[in-house]
Amino acid sequence: MKIILANPRGFCAGVDRAISIVELALEIHGAPIYVRHEVVHNRFVVNGLRERGAIFVEELSEVPDGAIVIFSAHGVSQAVRQEAKDRNLKVFDATCPLVTKVHMQVARASRKGTKAILIGHKGHPEVEGTMGQYSNEDGGIFLIEKVEDIARLPMQENDNLTFMTQTTLSLDDTAETIAALKEKYPAIQGPHKNDICYATTNRQEAVRELAKLSDLVLVVGSKNSSNSNRLAELASRMGVKSQLLDDPADIQADWFNDVKTIGITAGASAPEELVQSIISRLKRFGANSIEELQGLEENMFFEVPKELRIKEVN
């Protein structure tokens, strides 16, 4: 069997930054460092940070007063920020700057009293944090996941409306939903550029090319990773078998029935180290050659917070 690697794949700038923030906080301040929610959605990464002294919690009530806490790359609501401030917690914010950009759009709509529609997945921490930027009772923010949800929206055609999206959605599904929104609400406003981030876009486009050449696409990523799930779904939509995995032990022999070419990609929160471990495991199942596709070069970089950056330089 032949392995073809998608390019780009794996870590994005926001994930790199978030992991660096936890690592530097541990190095400078020592354990324990509390992290609200998994800093990124990858079991391999989270377990590694936990072994170094990071304590992952779902609510700030689990964090002692005055302790150091890191907000995950997915972002948090204004209520969570206020709670941290009220409890005198030392906060390092690992929210991806591209998520923060969407937060600013929602906050602007809230200040103006413009009703906002967020396209995203219910229950995802990014969605919860984004919706939590809206506080104006005279307006409101409403979540939709798909075209069918639009019919249940309470707004009128002539209402002052704006929309935003989660950063890790399917490009195709989101384009369809936005088109349907604009059809029902012709005057609706939206971002000048799609809120779906560069890494999500690039990895989905790379999977389109990968799927054309593969009998099976393996997506390295955890089950709670939105962008990783979208990659597996996209390959399946293109008529190619796909599997999502985040451990070499997940691999099953029957995946390779009638498979000559295995395509491999990785979600934005999956490390290259894990990809290479999976490749090593695949060699035991008969994979004997590796090819890497040409792809877009990503040079995006996000700085860590100033307090950590100064220590890093010194």
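Placement of Cβ uses the backbone N, Cα and C atoms for every residue, glycine included.
Sequence annotations record features per position, and here Swiss-Prot assigns active site, proton donor to E126 based on sequence analysis. Sequence annotations record features per position, and here Swiss-Prot assigns [4Fe-4S] cluster binding site to C12, C96, C197 based on sequence analysis. The annotation (2E)-4-hydroxy-3-methylbut-2-enyl diphosphate binding site is assigned in Swiss-Prot to H41, H74, H124, T167, S225, S226, N227, S269. Summarising the annotation, Swiss-Prot assigns isopentenyl diphosphate binding site to H41, H74, H124, S225, S226, N227, S269. Here Swiss-Prot flags H41, H74, H124, S225, S226, N227, S269 as dimethylallyl diphosphate binding site, drawing on sequence analysis.
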Candidates T167, N227, S269: member of the binding-site residues with the richest Cβ shell (10 Å): S269
CB within-chain contacts under 8 A for the residue listed as 'active site, proton donor', separation at least 6: H74, G75, V99, G120, Q166, T167, T168, S226
Env. residues of isopentenyl diphosphate site, Cβ within 8 Å of mean position of H41, H74, H124, S225, S226, N227, S269 Cβ: V40, E126, T168, N224, S228, G267, A268
Which of H41, H74, H124, the listed binding-site residues, has fewest other Cβ atoms within 10 Å: H124
Residues close to [4Fe-4S] cluster site centre defined by C12, C96, C197, Cβ within 8 Å: A13, G14, V15, A73, P97, L98, V99, T167, T168, Y198, A199, T200, A268
Cβ neighbours within the same chain of C12 ([4Fe-4S] cluster binding site) - under 8 Å, at least six residues apart: C197, Y198, A199, A268, S269, E298, M300
Under 8 Å by Cβ from S225 ((2E)-4-hydroxy-3-methylbut-2-enyl diphosphate binding site), same chain, sequence gap 6 or more: H41, N42, G267, A268, S269, A270
